């Protein structure tokens, strides 16, 4: 059984993330969206809410599971029985960092392969950072995130 682990902060999960998960769900037996606590990134949403939003966005995919984690990714992958790390590459500029990460993960978890997918063209420019900035300034984010995520962002920035 191929179990792929798609790690990230998902602050928030975007349509670009959803696109990768949809495609991975057709390629793998089981997809785990691994939502990292990432306290050093000072996320906008708490871990529990990011997990819940990702579950809501992917609930139509029966072979997708969403789990929050705060441990070392290599350890978490072993705990979950994952044999592949999935990473998205939006642009060439993402490659250098992702390549370093893949090599480090290979040292820490040699039995887990890294697989890179590029997003569909219509989502290639979307980033969680840009979505947060647009939402904070009152812009329309409906093209970039699922409605439940848009609602959560709108509510968050009302405060």
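Yeah, the Cβs are placed from backbone N, Cα and C, and that goes for glycine too.
Per Swiss-Prot, ATP binding site is recorded for 9, 10, 17, 88, 89, 90, 98, 123, 124, 125, 126, 127, 128, 129. What Swiss-Prot records for 9, 41, 73, 87 is substrate binding site. The site 'Transition state stabilizer' annotation in Swiss-Prot covers 17, and the record cites sequence analysis as its basis.
With 9, 41, 73, 87 listed as the residues that bind substrate, the site has a largest C-alpha separation of 18 Å. Straight-line distance linking the Cα atoms of residue 126 (ATP binding site) and residue 87 (substrate binding site), rounded to a whole number, equals 15 Å. Note on residue 41 (substrate binding site): other Cβ atoms within 10 Å of its Cβ, all shown chains, come to 10. Residue 124 (ATP binding site) has 87 as its nearest neighbour among the binding-site residues 41, 73, 87, going by CA to CA distance. Put simply, residue 128 (ATP binding site) is 12 Å from residue 41 (substrate binding site) when counted between their Cα atoms.
Every protein chain considered, the tally of other Cβ atoms within 10 Å of the Cβ of residue 128 (ATP binding site) stands at 22. DSSP gives residue 89 (ATP binding site) a coil state; it is part of no helix or strand. Contacts of residue 73 (substrate binding site) defined by a Cβ separation under 8 A and a same-chain sequence distance of 6+ are given as 5, 7, 34, 36, 85, 105, 108, 109, in order along the sequence. When each of the binding-site residues 17, 87 is scored by how many other Cβ atoms sit within 10 Å of its Cβ, 87 comes out lowest. Least packed by the Cβ count within 10 Å, out of the binding-site residues 9, 124, is 124. Neighbour count (other Cβ atoms within 10 Å of the Cβ, all protein chains): 15 for residue 98 (ATP binding site). Residues within less than 8 Å, Cβ to Cβ, of residue 89 (ATP binding site) and separated from it by at least 6 positions along the same chain comprise 95, 98, 116, 117, 118. When the alpha carbons of residue 128 (ATP binding site) and residue 87 (substrate binding site) are compared, the span between them is 15 angstrom.
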